Amino acid sequence: MSKFSSKNINKTKVPESPVVLAILDGWGHREENLDNAIKNANTPIMDSLWHAYPHTLINASGADVGLPNGQMGNSEVGHLTIGSGRIIQQELVRITNVVKNNQLTQVNELKEMANSIKKKKGTLHITGLCSDGGVHSHIDHLLGLIKWASEEHIEKVAIHIITDGRDTPAKSAYKYIRQIEDCIKKFKVGEIASICGRYWIMDRNLIWERTEKAFVNLTDPNGKKIDISPADYLNKSYNANITDEFLEPIRISKDFLKDEDSLICFNFRPDRARQIIKALSEKEFDNFKRKSIPDVDILTFTQYEANLPVKIAFPPESLNNFIGQIVSENGLKQYRTAETEKYPHVTYFFNGGVEVPSPGEQRHLIPSPRVATYDMAPEMSAEELTISCSNAIKTGQYSFVVINFANPDMVGHTGNMAAAIKAIETVDRCIGKIVNATGEMGGSILITADHGNAELMKGPDGEPWTAHTINKVPLIFIEGEKRKIPNMGNEIYLRENAGLADIAPTLLQLLNLPIPKEMTGKSLIKEIELKGFNKVVQHV
């Protein structure tokens, strides 16, 4: 049991006014107007809030979120850092250190898989996102696995490439394929067996027909091998205006998953690897009809979901005393809401990888629109999300509310400037309504983001920029009339040079709850001039 359990803390009565955390996913800060969807959008609400209320810019990338210096942040890492109130060494760093130190041969689950493959004389299949984006995977980990397979004398290795084009430039796959081919040549093991764009195999929105298409490419014994080189396939696709993210699944060797084979998925981020691994591993599966279900041993780099019938190379480290846990153990109710694309982030990731809600934690999912890409519906489900969350706030039941607006990130990923501007303007309208609902209840609200994206829509080469950024993100604090900061005077300020890890301690201070020692972040609140909500209402 946590040291901050309800047994040893004086319980606070449920207040009539909430503390709200609004996360504008992908809303970064960048001064330049050029190629900046946020600066070019009409945002009267956010502009008014920024000028009228205490604000600061906080770090959301690199070492400030447990990633290598210069590595862009992402939604998983951002929500994990916010919810934990500390900087946690991320899986990218953890696994990279093992690979760089040539320690894959010391990983027990990899040892067991190597022995099993050699005993069965089967094929080792390796799949994962092949890029250096560092959000879901890293190509260095694949190259390390090829070297490991050579050292373990595994004879048959089939590599199933997932192309990126979302966390990397849209037409950058050839660079990574060349690295793979060079590594295969150097260590004299492996071949490229198939290619598939991440759009198909890494869906997380329960659009199972995408997953099915990738599944068939990996498993169908009657699947047709296409006589084409990876480079020629890329050129053919680019000429047809199909970029890396959307490459059609193809098989370029005779290797497919079959009985007695083994599979390693080297993605370390769970959310976009779950659906394909479920389809490949679960006996009870009804999301689509599987014509061929190969009996293969599966090893994933990290835990994608509790109780999946797979082995894990790098099991999760035990984490304790996240903000949701502290709120729950003090008898307070909390409300988490997002649309489908970001629902795992305000629940699973925000809670440190815990699937099950804490006592008193209410979750509400708003379905994302079923479109091919979100530039086709830049408003997404923000309006429905806003109505639902506003109603929850006004019930007075919840002490702590977390809402995520997905639009800046999901539409920013499309590289469509006009659509991103619409997405930003939608969120601007919606955040005003959330602020007003909070104000009506006398509550306080923190508005921030988990990482940047929509503030940069083109790269230096003039091509659409579909990845995240390393820019700082805004944070605005509005104190409610019934949610005054305990033991503070009339003037307070927000700290500068802060990071996402400082948000949870700030929220706990607003909730008048103790900050556990595990939270190494520090409250953002110093002396600032307090103002009410009256200046916001007139703009909404």
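Any Cβ shown, glycine's included, is placed from N, Cα and C.
Swiss-Prot annotates ASP25, ASP450, HIS451 as Mn(2+) 2-binding residues; of SER48, SER75, SER84, SER399, the candidate listed for that same site is SER75. Record check: Swiss-Prot places HIS136, ARG166, ASP167, ARG204, ARG269, PRO270, ASP271, ARG272, LYS342 at the substrate site, and the matching candidate among ARG198, ARG336 is ARG198. When the candidates HIS364, HIS468 are compared with the Mn(2+) 1 site entry in Swiss-Prot, which names ASP409, HIS413, the shared residue is HIS468. Among the residues the record lists as binding substrate, namely HIS136, ARG166, ASP167, ARG198, ARG204, ARG269, PRO270, ASP271, ARG272, LYS342, the two farthest apart have Cα atoms separated by 18 Å. Considering other CB atoms within 10 Å as the measure, the emptiest surroundings among the binding-site residues ASP25, ASP167, ASP409, ASP450 are those of ASP167. Excluding ASP25, SER75, ASP450, HIS451 themselves, the residues of that chain whose CB lies within 8 A of the CB mean position for the Mn(2+) 2 site are, in sequence, ILE23, GLY26, ALA60, GLY73, ASN74, GLY78, HIS79, LYS342, HIS345, ASP409, ALA449, ASN453, HIS468. Report note: the Mn(2+) 1 site is defined by ASP409, HIS413, HIS468, and the residues of the same chain whose CB lies within 8 Å of the CB centroid of those residues, excluding them, are ASP25, GLY26, ASN74, SER75, ARG166, PRO408, MET410, GLY412, HIS451, ASN453, ALA454, THR466, ALA467. A 10 Å radius around the C-alpha of ASP167 (substrate binding site) takes in these recorded positions out of ASP25, SER75, ASP409, HIS413, HIS451, HIS468, in sequence order: HIS413, HIS468. Of all the binding-site residues listed (HIS136, HIS413, HIS468), HIS468 sits in the most crowded Cβ setting, with the most other Cβ atoms within 10 Å. In this view, the densest Cβ surroundings among the binding-site residues ARG204, ARG272, HIS451 belong to HIS451, judged by other Cβ atoms lying within 10 Å.
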